[in-house]
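Inspection log for the structure reproduced underneath, given as structure tokens.
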Amino acid sequence: MKDLVKFLKAQSKTSEDFDVIKIGLASPDMIRSWSFGEVKKPETINYRTFKPERDGLFCARIFGPVKDYECLCGKYKRLKHRGVICEKCGVEVTQTKVRRERMGHIELASPVAHIWFLKSLPSRIGLLLDMPLRDIERVLYFESYIVIEPGMTDLEKGQLLTEEQFMDAEDRWADEFDAKMGAEAIQALLRDMDLEHECETLREELQETNSETKRKKITKRLKLLEAFMQSGNKPEWMVMTVLPVLPPDLRPLVPLDGGRFATSDLNDLYRRVINRNNRLKRLLDLVAPDIIVRNEKRMLQESVDALLDNGRRGRAITGSNKRPLKSLADMIKGKQGRFRQNLLGKRVDYSGRSVITVGPYLRLHQCGLPKKMALELFRPFIYAKLESRGFASTIKAAKKMVEREDAIVWDILAEVIREHPILLNRAPTLHRLGIQAFEPILIEGKAMQLHPLVCAAFNADFDGDQMAVHVPLTLEAQLEARALMMSTNNVLSPANGDPIIVPSQDVVLGIYYMTREKVNAKGEGMLLQDPREAEKAYRTGRAELHSRVKIRITEYVKNAEGEFEPQTTLTDTTIGRAILWMIAPKGMPYSLFNQTLGKKAISKLINECYRRLGVKASVMFADQIMYTGFAYAARSGSSVGIDDMVIPEKKYEIISAAEAEVAEIQEQFQSGLVTAGERYNKVIDIWATANERVAKAMMENLSTEEVVNREGNLEKQSSFNSIFMMADSGARGSAAQIRQLAGMRGLMARPDGSIIETPITANFREGLNVLQYFISTHGARKGLADTALKTANSGYLTRRLVDVAQDLVIVEDDCGTHEGIVMTPLIEGGDEKVSLRELVLGRVAAEDILKPGTEEVLFPRNTLLDEKVCDILDENSVDSVKVRSVVTCDTDFGVCAKCYGRDLARGHLINQGEAVGVIAAQSIGEPGTQLTMRTFHIGGAASAAAKESSVQVKNSGSIRLTNVKSVTNNEGKLVVTSRNTELTIIDAFGRTKEHYKVPYGAVLNKGDGEAVTAGETVANWDPHTMPVVSEVAGFVKFVDIVDGLTVTRQTDELTGLSSIVVQDVGERATAGKDLRPAIKVVDAQGNDIFIPGVDVLAQYFLPGKAIVTLDDGAEVQVGEPLARIPQESVGTKDITGGLPRVADLFEARKPKEPAILAEITGIVSFGKETKGKRRLVITPVEGEAYEEMIPKWRQLNVFEGEMVERGDVISDGAETPHDILRLRGVHAVTEYIVNEVQEVYRLQGVKINDKHIEVIVRQMLRKGIITKAYDSEFLEGEQVEVARVKIVNRKREAEGKPPVEFERELLGITKASLATESFISAASFQETTRVLTEAAVAGKRDELRGLKENVIVGRLIPAGTGFAYHQNRIKNRGQANVVEEQEVKFSAADEAEIEAEFNMIAEDPAASLAEMLNMADDAE
């Protein structure tokens, strides 16, 4: 028996231990070495005996026996003949499973080109031979001859000849030359290639050529040739002479009942190949006429093509039922292919699914599991227990007992289940909180019970949702489930670090109702000694829940030693709040409870509890809040009645007033005073404001009521209207929904997003008429269609994000970099959108943080900025901090913990081995379904408000101007003459409070550094035109302003004033094309004036459409406008919002009309114009001038002679991230993408930490283009991983060589995923064929670094608990450049505690895991 076990073990030993997977081309010899015999016949199975035919596709002699340890003819049976080869039927006696691994082969009678290397673009064969694909196909499919060896003739090698040309040539030169057709010809050409010689020639050509396209082509070819040389692949192997045959059990043939067979499509395809191959062999033996042989060869080529990749060339071969057959390539690609269906995720045993219902009495770490399900899921455990306890003698007996459901079985089940966590999962699993572990509680019935507080994480509700259960079987799995996945360990959301276990709906309503106060309630003014007495008073009916009373409250405050000390104060509060206080854990301040608690306040309460007292206290507290909330929501008796929807009286006046206004606009429109567009916009504006007013009146009406207080006076108090309470507490509904119930429904949108101008004036209480109902359905359908599309798109975005970031893991503690990102609060206009605290919380400081205005160091670099640190930063009003970031981390493959900062879901510095890439992808993708799908038409109503014309400050402080050039006009005010001027308001502490952009030509009432008071207007400008400001005083002199040629005169009918309008170049007569209208400012004598400070003439060129109101010779003062350029009011512009915008950003797509940025720093001038474009020239102080052609219709922000900095905006538009990276660097592009993505999420009210977006940006920036290669292994213009270049450069530095220079490249996430170093990961993502073809030709190695590759080869992933395993493997391989496993630092106290724990377990192994993991049940 022992031997048998040993033998079976030896059998199962496979090549487990490998570190790299290499892919390459298979040589014919290699294919033969894999093979166990040649398949000669197309037969499969004998349909009478069901035995495989000899030499056929299922031959037992080649592939192995059909039954375990039994030969085909039945001569040898049983184990004792193991390894014998039967002399009668030739079958080896062994296990059947060899039929899954033994391959066969087919010797092809004529070579066949591999379709992947032929047709997968760019064609590898074509690139290698430097021939167009069309020509190669003509040779392969026997339409032309190709010259292989020209000999002494005039022909060229590789020249194509038609049939006639070939005949002529043969007549002329007889057998001097060699020309063939078909794959043999291509094979011969490939075999004759001298790779090294070709490389040399190409390198020389590369040096000589100047044309960009040619360089690109040569580099491509050179790379391919080098890949062939390095990988040891031979070019002729791209043409096959031997075809491998897949093991038969991987392409099964299954007999169905009724004598029919179900077969894999591959068998049909192989049969076709074998038939044609055999026929070809016979034809060659018979020396058949050329044309027949040729046709047969062509058919063989086509059948092999279909086997490898059906439908890649020509029509796909179809089976009997008209559907294309599934070829080998189809087996591995797509959602149903091998990668995505079987390797990246599989269906598993020990799982079940059922509907979920509420379990309001459960504790947070529990879930209810129906007994029937538990019995089924825990079967093996029950069998084992029954046997070990001696209730059953054999497994079979145990099985019977379980099937009979004996009474003892249920007792055993309860025992087995105790402390055995199970995993619950709700599809779609959008983030890691979609699978959590719970302890099962056995329940009757068939539905599982779920704790209400985890619903938010699962995004579950109880309207029929189903959930799946999985059982972790091994001890390790149970331990992981309990220590990492238990719902009690997932209190915080990984996306933003806020609690995700927060009460919602009923619970919120109950707590809110409890903590409200009521004027003159029963028992008001009582004095009570403690909360217990308050509860007694409430229970006995002496006081109401909402009565205002005085109660002695005892709080526990930590002293210097960290012990809790009681402090008692007499507090004004309400009965309900005192009752709630009884469940508060020690150490929480009463002030947090002494207020009306809505959803936000309760969330804050739990967050505070987590930060002050840790996980255990928070979890218990959350549970208690839930029980209390449910109880008091029931007591409150809130309900919704039709009378609760109170319609304001004012509504009808407001509506009739609006109708009158609309009628007036209509009259103006009919008399031609306003255009159709203006009328539409105004009407919509009127109704929008009317709606707002109705809503305001309604809310005022609903939210307050007047009551008589104890003194007998009237007092206002918050209303106890049920609908209002639900919305106000945050339990359900919103002001917008109440508005539709009791106000007016308002304007509706059409499916394309435009607004219908007739609003719905009715609300739901009054009811809608048919027309109104119809208009409503219009927009509602769009909403449903949107949702369906959105889900798919969001899922695809998540998939791309996960794919690009999957291999990013924390691999070391500190990379030692001093780089970082400077964080400043995000201020738009007068509001602080995001505070500094939110931005830096949980990050690590990149340099010492100084107290503002001093040299005092508040915190040294590498401090983790937690809540306490942030409080101190706020107190000292620090307004910018340089923090470390993933984008600037120096770790080669992975990130270091210090650059990442805090693990948001745990609240401490992140652990090594944490898969931050996947977490980031999930955090960004999960809220994707909440984002809208729509593109917003911002026009009319919205943009009217956007045209600002002044800056009015909201805070007092002092002004700071940045990027400003200005002149002082004769009133002593500053006139701005620079483009992107920014005005910030700084408070007394030096903190930025407000931030505005000030346009060119604005007049400033205050200068830099001056004090302003709140409400003061500091800048004014005309929003509709852009002035051309004179920077000197003098007299106007027109240049090239010729009436009728370059300008036209227009006289205003109302005022009688005439003005000059400059014509566009395109509209001018030919004579005026080269004239450049300008205004010069000269002194009284007519001499030129130079602008002070710069040696530039005071001459202003006028663009087309500019309006000049001054006359020639008029006097101008400094800062006066010489001309005005009307700003075209941009019509309705589509602003892409929501999900598509996020996708565009991560894909780094170029916008339709991108902003034009200055490529270099210098002075702007305009060169000669061409048709439709003007030439922009930037001349730097030294070096070459830069020229760019810009379309005429682009509005430029610069004038001739203006100085621009590299990266300045020359023409407005959406900025291209690639340009930002090129001109302003990595920091700028990171900031741009992070802010733009956050903008979308903020609009939807979704909080995501910047870190996650930075992680994705890091992955988008991981490639670079080599600009100077020197003598390294890289080619110039090659795309390489930045980490690779860094490693090479460190080596070169040590050798004293100059470092390789490269330019960072920004790739979109799809491109970045496909450009990953791991071909396995890329192939399982998209474009499988292309990725594998490329990898095979280059002989790529996959180091199995990422998570995906390891999942595919069936290993632990190099993250989380598998991280140490992988580190050890690497260590054992003895590689020198390994990140050393850092030892976990324990303090002595920790060690003592751990030791005590372990001793306890050693003495009493049955001691509960729960105690060990702090899950003890003393929380009751």
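Placement of Cβ uses the backbone N, Cα and C atoms for every residue, glycine included.
Record features, source Swiss-Prot:
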type	residues	note
BINDING	Cys71, Cys73, Cys86, Cys89	Zn(2+) 1 binding site
BINDING	Asp461, Asp463, Asp465	Mg(2+) binding site
BINDING	Cys815, Cys889, Cys896, Cys899	Zn(2+) 2 binding site
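Considering only the binding-site residues Asp461, Asp463, Asp465, the Cβ with the fewest other Cβ atoms within 10 Å is that of Asp463. Other Cβ atoms within 10 Å of the Cβ of Cys73 (Zn(2+) 1 binding site), summed over all protein chains shown, number 14. Rounded to a whole value, the Cα-Cα separation of Asp463 (Mg(2+) binding site) and Cys896 (Zn(2+) 2 binding site) is 44 Å. Applying an 8 A CB threshold to same-chain residues 6+ apart, the list for Cys815 (Zn(2+) 2 binding site) reads Cys889, Asp890, Thr891, Cys896, Lys898, Cys899. The binding-site residues shown are Cys71, Cys73, Cys86, Cys89; of these, the one with its CA atom nearest the CA of Asp461 (Mg(2+) binding site) is Cys71. Cys896 (Zn(2+) 2 binding site) carries a strand DSSP state (E or B). Each residue contributes its Cα atom, and for Cys73 (Zn(2+) 1 binding site) and Asp465 (Mg(2+) binding site) these two points are 56 Å apart.
Same-chain residues that are not part of Cys71, Cys73, Cys86, Cys89 yet have a Cβ within 8 Å of the Cβ center of the Zn(2+) 1 site turn out to be Ala60, Leu72, Gly74, Lys75, Tyr76, Glu87, Lys88, Gly90, Val91. Long-range Cβ proximity for Cys71 (Zn(2+) 1 binding site), meaning a same-chain Cβ under 8 A and a gap of 6 or more residues, is found for Ala60, Pro65, Lys77, Val84, Cys86, Lys88, Cys89, Val91, Glu92, Val93. For the Mg(2+) site, the Cβ centre of Asp461, Asp463, Asp465 serves as reference, and the other residues of the chain with Cβ at most 8 Å from it are Ile356, Ala460, Phe462, Gly464. Secondary structure at Asp465 (Mg(2+) binding site), taken from DSSP and collapsed to helix, strand or coil, is coil. Counted over every protein chain shown, other Cβ atoms within 10 Å are most numerous around Cys896 among the binding-site residues Cys86, Cys896. Every protein chain shown contributes to the tally, and the Cβ of Cys89 (Zn(2+) 1 binding site) ends up with 17 other Cβ atoms within 10 Å.
For Cys899 (Zn(2+) 2 binding site), the number of other Cβ atoms no farther than 10 Å from its own Cβ, over all displayed protein chains, is 29.
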